[in-house]
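Asks: Just dropping this structure here.
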Amino acid sequence: MQRHYHPAASFLGKALRYGIVLIVIIALNFLIPRVMPGDPVKNILGEQAYYTAEDVAALSAELGLDKPVYQQFGDYLGGLFSGDWGYSYLYMQPVLEVVGGHLLWTLVLILPAIILGALLAGLAGLVAGYFRKTPLDIGLTSGFMLVYAMPHYWIAMLMLMFFSFNLGWFPMGKVTTGGLSGFAYFADLLWHMALPLLVITLFKAAYDFLIMRNTVISICGEDYILMARAKGLSRGRILFKHILRNSLAPLVTVTAIQFGMLFSGVLLVETVFSWPGMGTLIYEAIGARDYPLIQGAFLIIAVCVLLANMTADLLYRRLDPRTA
């Protein structure tokens, strides 16, 4: 006998699973920075000659690091739910303010890259899959495979060296030149973000292309596609009405999964281009052993990834009713 599940119950079940994952992430987010080598107190105080044991004890007490781990975890949970995520040792500012400012610049890169990468991979994968084993398919597949095989930070360094250092077409890094406003500021921002955006877009498109191409090849062998061809439907109608729609579901799922990959991948790209996003922030926070900042940055990223996956679940059901 076939079972039927109520949509609300199914949604609540998924929400419960995501809630459990979030709880595990919160616990790991607290523990991992504390098992890393290095002492945040000594990083703040500086060289050995400039502080005493009393200085270390006083600063540890001020930061709450002299408490037992379970008490620190209790304070950490209380701060999460009250909106007090702690104070950054490195920036001397509340963690939420620091993370919020850097998250904005990362999203400025990632969100356009997701859209542009999906469009590029979707169109290229659709064409390559439909015209498989042709010179067009071989050329597209070879090009995207080459990009996929190369580390994204290496591509970033090559582009920076060639287009910025040698040709001087783009700036060496940073966000803007400074001292600009209005349209001039917006144009200058686009000029600065062109290379890092291109690197991240290619990084996403190369991965998506392979999945899209294989999905299209699989769909082209389905009976309803053969029937559409037998009816004499135009190539454009078959491509965009039948094949494209049915191949979007895997692309949406991969895009959500890649959201976390892009956050980790953008870390080194931001460092290469001196882009003040989450990657640069995490790099600096880990170097300074800034526990509150590390915890806040990783938690924000984890929440963004979970929300992206929940969105993918909803969109997947919309695109493919068979999964409902």
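Each residue, glycine too, has its Cβ placed from N, Cα and C.
From TrEMBL, for reference:
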- 15-32: transmembrane segment (TRANSMEM)
- 103-131: transmembrane segment (TRANSMEM)
- 103-312: domain 'ABC transmembrane type-1' (DOMAIN)
- 151-170: transmembrane segment (TRANSMEM)
- 182-203: transmembrane segment (TRANSMEM)
- 248-273: transmembrane segment (TRANSMEM)
- 293-316: transmembrane segment (TRANSMEM)
Asks: Under 8 angstroms, Cβ to Cβ: which one of 15-32, 103-131, 182-203, 293-316 has the largest number of such pairs with the transmembrane segment (151-170)?
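Replies: The stretch with the most contacts is 182-203.
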Asks: Go through the chain and flag residues at least 6 beyond the ends of the transmembrane segment (103-131) whose CB is under 8 A from any CB in it; none is fine as an answer.
Replies: 137, 140-141, 144, 175, 193, 196-197, 200-217, 219-220, 239, 243-244, 247-248, 251, 255, 258-259, 262-263, 266, 269-270, 275-279, 300
